[in-house]
Amino acid sequence: MKSLKIVFAGTPEFAAEILSMVAKTSHQVIAVYSQPDRPQGRGRKLVATPVKQLAETLNIGVFQPESLKTLADQDALRALEPDLMIVAAYGMLLPEAVLKIPVLGCINVHTSLLPRWRGAAPIQRAIEAGDHESGVTIMQMDTGLDTGDSLAQARCAIACTDTSVDLYYKLLNLTADVLPQVINNLAENDVIRTAQGEQGATYARKLSKQEACLDWSDSAVMLDCKIRAFNPWPIAFSVLDGENVRIWQAKVLTVASDRVVSRQYEPEPGTIIQHHAEGIEVMTGAGHLLIQQLQLPGSKVLSAREVLNGKAARFAVGRCFGE
């Protein structure tokens, strides 16, 4: 089997994990592309991307252009004479001219079962939508947004307790299984390309802090999905006493509390119904949600029981989130 000369393009920790996988194959990573260092923290110091940091430890040269649209940057890539470019969460669009430079083109690691959840946040949107299944697609890149031919897919179940972090690690494990084989198949010219088509295509738009605010008129199931999808960022929240209370973990209650059953009226969505050993029961648009972990402003993440031990009055039965 021919040893391929590979250029890798990626930026965050997820991409660094994939670079590590590729570096362990029999193929040669000849260069790495990553986004430029950005200022971070209170001191606004420039910080290298996780991919750049790993590349430097592996003694692989790093390129950090602001874009790959200029002829000079494209010529620099062409001079490397790559056989293949592997892209994972690079965060930058590749012009058509770049896609044509490697002998075998550019392939992308995408964390969804394409064509479902094309776009920037497939892990989070799959959980938010209540999907029962996710996976990884290795695709041949074209000029569209995640529209290229599929070279391989691997699937996994999404558990009813999975957060985005949990699914992230499941998909990393799938990538470790499937990506090296795809690279080998490309080296041997033994790969099957499957056109995606548009049936079932959905778009996973980028997350925003604004959409993390919970709407208690949604069902308990929908709210639980959103809380899990938005963990670890941006973290779902709701307003109480004019302050944002971040909700890290919750679960759907399948049986209503005795307190609600005995009432003669239906509380408004967002109303605190009862305190449990496990947490704080809240009315929703359909069903009840049990808040298990939360975070008050200026405090660390605590169990609901710990919060109730010190601030029970603030979360008294009858109070309503959103006030």
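From the backbone N, Cα and C atoms, a Cβ is placed for every residue, glycine too.
Here is what TrEMBL says about this protein:
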| type | residues | note |
| --- | --- | --- |
| BINDING | SER112, LEU113, LEU114, PRO115 | (6S)-5,6,7,8-tetrahydrofolate binding site |
| DOMAIN | 5-183 | domain 'Formyl transferase N-terminal' |
| DOMAIN | 206-311 | domain 'Formyl transferase C-terminal' |
**Asked** Taking the domain 'Formyl transferase C-terminal' (206-311) alone, what is its mean pLDDT?
**Response** 92
**Request:** Specify all same-chain residues, apart from the site residues SER112, LEU113, LEU114, PRO115, whose Cβ lies within 8 angstroms of the center of the Cβ atoms of the (6S)-5,6,7,8-tetrahydrofolate site, ordered by sequence.
**Result:** HIS110, ARG116, TRP117, ARG118, PRO122, GLY135, THR137, ASP146, GLN153, GLN196, ALA201
**Fill in**
Around the Cβ of LEU114 ((6S)-5,6,7,8-tetrahydrofolate binding site), other Cβ atoms within 10 Å, all chains included, total 27
**Complete:** DSSP tally for the domain 'Formyl transferase C-terminal' (206-311), helix/strand/coil in that order, comes to 25 helix, 37 strand, 44 coil
**Request:** Enter the number of other CB atoms within 10 angstroms of the CB of SER112 ((6S)-5,6,7,8-tetrahydrofolate binding site).
**Result:** 24
